[in-house]
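Written below as structure tokens is the structure these notes are about.
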Amino acid sequence: MRFDDVKLITGSMDRSLKIWNWRTGELLRTLEGHTEGIVSLNFNDSVLASGSADSNIRIWNFHTGECFSLRGHRDWVNAVQLWSAPTPRSKAEGTVPPMFLFSASDDGTIRLWDLQTRECILVYRGHVGQVQSLKLVMMDHASVQKLSRCTTTLPRSLAHSDVSEAATDGSRTATASKTEAPAPSLSGARCNYTSGDAQDQVSNASAPALPERFYYHAASSSSLSSRQAPEEDETHSRAIPPMVALTQRRLSAAGLVPSLPPTATLDDIEDGMFQHDSPDGTPENPKHPHKSKRPVLVSGSLDNTLKLWDVRTGQCFRTLFGHVEGVWGVDVDTLRIVSASHDRTVKVWDRDTAQCQNTLVGHRAAVTCIGLDDDKIVSGSDDGDVRVWSFAPQPLCGQDACETSKAT
């Protein structure tokens, strides 16, 4: 379900989407086309994107009524997010302006789609469980570099070994991330973090059991395994992989990331040395180009972790550990990341350090959805309660500083 000032759009397991006037309750339109239930949706002024249990994504054009499908995922599409630059719409009647879409799936991958060419241009791999939620945030280069340097990353030759497999026709399926063996990592239930594919989770016997469809042995097992990383070829690793270069060109042409010269290397992208131009062609920050913003994806998965991804390279540069069961929802603002988990808790993370600041306890069942505002967090749970957690100094009720609304 999503809404704006005018309309409410809902998706249902009856395989349809409905557009409502939420002020009057009037049903304006019904959209049909998926062969299984709708599990995610996102929209802007131009298009509506829907993800389904049929493993497909459908894009609906509000202006022309056109609908097309994006195929590539192998399982439920749990989250979709549109991304476009704040530029005027295309003047061509009935065409979609430069726009991209992120999608997260039960197949363990995140995909980036170019809606103009209708193809997948990059696949983000690293989670070993179903990816349930994602959020796009713009972060300072300095913050991203700090987070990247605080942990040991995989050699780039290994980290990008899967990037070239991104489907260029939008129809090629991804390699199941479930087959990747987790690497040794931190233990215990503290709010710790590492990077890359490292996974080592602790189980919580008191937490509610995951439904069979949402169970990943690799994510819940306490056994450890490791893999031998090949020595990095310094010359080869500096080159920009073809699919990353394609993504860079597409995003740059849409005005979403800075352009790169022909001699650029992967380091140039990761170090953020090239400044972003404003829509009128002038540098946004000519004196301090390193302070320009950088697109980062935050994802939550049933492998019990959150991951931060460099959108342009497809590389995971930070993994957040702390939850002892799967993560159902994430949200982010300028200061914090919040996560909702099957372990019945909500965690609050510092966005710039990836440190866990608070663990909010009170729900009696899995916390399945979450929203973040400047001064509060709203969480929904399978216990039938909606809780509002306040950042105000004075608690609203007891030590949890929360208000509870019971579903009826």
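In case you wondered, yes, glycine gets a Cβ from its N, Cα and C as well.
Lifted from TrEMBL, the feature list:
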type     : residues : note
COMPBIAS : 192-203  : compositional bias 'Polar residues'
REGION   : 161-203  : region 'Disordered'
REGION   : 221-242  : region 'Disordered'
REGION   : 257-296  : region 'Disordered'
REPEAT   : 1-30     : repeat 'WD'
REPEAT   : 31-70    : repeat 'WD'
REPEAT   : 100-123  : repeat 'WD'
REPEAT   : 297-319  : repeat 'WD'
REPEAT   : 320-359  : repeat 'WD'
REPEAT   : 360-390  : repeat 'WD'
Counting only residues at least 6 beyond its ends, the same-chain positions whose CB falls under 8 A of a CB in the repeat 'WD' (1-30) are 36-43, 48, 50, 52-53, 60
Using DSSP, tally how many residues of the repeat 'WD' (360-390) sit in helix, strand and coil.
-> 0 helix, 20 strand, 11 coil
So which residues does the repeat 'WD' (31-70) touch in its own chain, when a touch means Cβ under 8 Å and the partner is 6 or more beyond its ends?
-> 1-2, 9, 11-19, 76-82, 84, 89, 94, 96-97, 99, 101, 103, 105, 107, 113, 115, 118, 120, 170
Tally of helix, strand and coil residues over the repeat 'WD' (31-70) according to DSSP?
-> 0 helix, 23 strand, 17 coil
When DSSP states are grouped into helix, strand and coil, how many residues of the repeat 'WD' (297-319) land in each?
-> 0 helix, 14 strand, 9 coil
